[in-house]
Each structure stands twice: as C-alpha cells, then as structure tokens.
Amino acid sequence: MSKTSVEDGNVRNTELPVDDLTPAMNKRLRMKTDLVILPLIVITSTLAFLDKNGMAYAAVYGMRKDTHLVGQQYSWLGSIFYFGYLFAEFPVLWLLTKVPIGKYIALCLFSWGGVLCCMAACHNFAGLAAVRFILGVLEAGILPCLMIVNSIWYTREEQPLRTALWYNTFAGYIFLIYGAVTMGFGILLFFALPDAPSKAWFFNAEEKKAAVIRAAKNQTGVRTQQKWKLSQVLEALTDPKYYCVAIFVIAQSITNAGITNFNPLIIAGYGFSAPKTTLMATPQAAVALVAQIICTATTFYIPNIRCLLWTLSCLPALAGAVMIHTLDIEAHRSASLAGVYLMGFYNVPWVLMLSLQSSNTAGMTKKSFVSVSIAVFYAVGNIIGPQFFRTDQAPHYPLGIGAMLCCFAVMTATGVLYWVLIVVENKRRDAAYGRPGENAIVTGLEIDEQDRTDRENKEFRYVC
C-alpha cells in the first residue's frame, strides 16, 4: 500500500495511504460538499445574477423615467458595470494566488450588497454610472473564484453539473432587497465557506485528508495559494485553446449583455404590462435551468461529450434569434415570443465551457490567469453588447438581435474548434508518451506539490 504526503494550502497532513479513498468515503465527501459548499456558491452566483438583472427589471418599472435617462444612457449603464469589472481583473489575478479564497468572496459579496443598496438613492445618470462601476469592481473576482472553488472541491466528472447549478419606484425596492440580502449572505459566507478542503469545518481529520486525495485525481492542483509564476502565464498565452475560449467568451458575453439588460424590455415590447412582463420572462429562465441540468447531468454518465453538447446547445439559441429577427411581431407574436424563450439556451454552452476550463487547466498561476482572462473577455463582451441595442430601435432592437444571431453562430463554431484541438493534442500525447498510468491520485499529489501545469504533466489528458 503506497503512501504519500498531502499538502493543501498552508496545512501539511500526515502520511496516509493514497488508496484509502473507498467508494463509501468518496460518496460521503461528495454528499457533505454538496450540502455545504454547493449551496454557498449557488447562492453567491444567484445573488450576482439577480444584482445584475435587477436594473433591467427596475427599468420596466420606471427607473429610466425616474432617473431621467435619455438616448443611449441606459445602454451605457450596462457597459459601465463591465468597465469596473475589467479594471479590477488584473489586481484579482495577483490576489487569487495570495489570499484565502473563501474570505475574499465573502468580503466582495458583503461590499457589493452595500453598494447595491446605494443604487436606490440614485436620481440621475452620473450617480447610477458611479454605482455600476463600483459594482463591477467588486464583482470582478467572483467568477474566477467560483471556477477555482469548483476545481478544488469536485472531481472532473462532478464539475459540469455543479457548474450548472451555481451558474443560474419598484426600482428602488428591487435594489434595496437584492442589496440587503447580498450583504447578509456575505457575512454568512465569511464564516461558512472554507478556503480549501483541508480547512473544511464539516470534515473530520480523516475526511480532510481524503478530500485532498479525491481532488488530486484531477491532476489540476488542490492548493489555492502558490508562488506566482510568469512561465505559467506564458504557457497559457501560447495555447491555441486559450484563444478559442477567448473568442467564445466574447461572443457569448455579447448575447449575455443583450439578455441581461434588455430581455424584459424586449418582452415588454410585445405589449405586456410591467407585472405581466416580469411573469412572461419566467419561461426563458425555466428553459435555461432545465437545459443546463439535462446537459450537465448527461456529462456525468457519458464521458467526453461536453464539446458536443456545447455545440448542439448553441443551435436552439441560434434558431430563437433567427425567429425574433425575421418574424413579424404583430402577425406571429406567439412564435416570436417562443424565439425569446429558445434563447434561454445561451447559458448552456457557457456552463460547459467553464467546466472544461476547470477540468483542463493545471498550475495555480495558470489556473488563476485563465480564470481571470475569462472574466476579462466576459467584461469586454458585456461592454460591447449593450451598444448594439439602440434606443431609437426600441422595443424590437433589430441591430441587437442581429448581433446576437451572429454571436450564436460563432459560439457554435468555437465548440467544434475546441473539440478538434483537444482530440489532436490527446492523440499527440498518446503517441509521444504512451497511455497515461493508472494511479492518477499519486500523480496528482506530485503535480500539486510541484505546482506543475497540464502541459508539463505528461500523464495529463484533456477532457472534451
């Protein structure tokens, strides 16, 4: 029975057998992690989503009139958030390798909840713009952090479904409610979310060691605090997959900007009242949730199907954009509205892409750089996206819908390209190094100790 030392964060565990991770222990660890970690990150991501979408629903209830917004000012409020987001990503890249990740998320959450409450007091474009910029700064680290949390607490097979679960006048009350809830949860998160498996308050000593071994099998690293390495950044920048993902993220984020900031306004354009608009927006969220769960659950039972699902899930969203863009709303209102709901598929390939990055990136600096890069490209797309939605084209926004249509096509193409890159690289590695060894746990612990990347690890094979 082989033994190895396990290091996680700043905590050194004693020697333990690497083959002690029985199916029963694995199930117990997964269950405890699902009961504690998963709800925390699901609620965190949900609050982030609600906070961003709050402005769109506040607009339906009269925010634009109450704050005297004119011309493209509402569109710029959608973009300004992501200028703050982009501004903060570079400090976040350094912070992710230096600070306890759970505490960082909690402090960001509490702070942005407080700032969101301030939005209720804004009465003009300048005040709203300032608050939106600060909100972007505070939310900048959330997506990279959640990607890293996902990679250190769950195995490759478990990551897609968990990613799907965490990723899903009245205006003043909307911001106060969302902000207050966010602040309260930020306080809870500070104490409840451990920074690493070895510090989990809900695991006993044996389970902490086993949890590190369980995550080591991924061969993508377990520790979240490491020395910052420029070589790992350069490795990411010479990887064609990095640029494939960059193109996808920008395209997907343009569609996200349209749906996040303008979906309620588009639906209101079908002639619904403000309360009815809120109700009629619900089916799109239901489509997104059901599609995400079905697709990500499928990946748990069928290996190496994520790229295929990434590509296929873009097609209903593309069809929906075509329907909205081409159908006459007066003559075919129901069919056009169905197109709005089909665009709910836009988030499915996003979730699959995030899970692929968690599974396919090793080395703490590289993992942080890739996660932050995704957030940067996400910000760029969300800055660009609202500008396609011209005020003089409301409520049907033909230019904006046309841009989303093109982006869905790009998202489809990048899914195919990513699959090709993965298959070619795995075949090259098999030819050069032979098939990988059986003991992925031992290799994973060694890789974590040395902070080696996926490219440096000859045993590593990419998930597709």
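Every residue gets a Cβ built from N, Cα and C, even glycine.
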The annotated transmembrane segment range in TrEMBL, which must be one of 236-257, 368-389:
368-389
Taking residues 6+ outside the transmembrane segment (401-424), which of them lie with a CB under 8 Å of any CB in it?
240-241, 244-245, 247-248, 251-252, 254-255, 258, 307-308, 310-311, 314-315, 317-318, 321-322, 324-325, 343, 346, 349, 353, 356, 360, 385, 388, 462-464
Other same-chain positions with a Cβ less than 8 Å from the transmembrane segment (338-356) and lying at least 6 residues past its termini are 147, 150, 159-160, 163-164, 167-168, 245, 248-249, 252, 255-256, 259, 263, 266-267, 283-288, 291-292, 295-296, 299, 306-307, 309-311, 313-317, 319-324, 327, 374, 404, 408, 411, 415, 418, 463-464
Would the transmembrane segment (132-153) count as touching the transmembrane segment (35-60), i.e. at least 3 C-beta pairs under 8 angstroms with sequence separation of 6+?
yes
Ranked by Cβ pairs within a distance under 8 Å of the transmembrane segment (104-126), the first of 80-97, 132-153, 285-302, 307-326, 368-389 is 132-153
Mind checking which residues of the chain, 6+ beyond the ends of the transmembrane segment (285-302), have their Cβ under 8 Å from one of its Cβ atoms?
157-158, 160-161, 163-165, 167-168, 309, 313, 316, 341-342, 344-348, 351-352, 355
Taking a Cβ cut-off under 8 Å, which residues six or more beyond the ends of the transmembrane segment (80-97) line up next to it in the same chain?
52, 104, 129, 132-141, 144-145, 148, 224-228, 364-365, 368-369, 371-372, 375-376, 378-380, 382-383
Using a Cβ cut-off of under 8 Å, list the residues of the same chain at least 6 residues beyond the transmembrane segment (368-389) that approach it.
72, 75-76, 78-79, 81-83, 85-86, 89-90, 92-93, 96-97, 136, 140-141, 143-145, 147-148, 232-233, 236, 242, 245-246, 249-258, 260-262, 354, 357, 361, 397, 399-400, 402-404
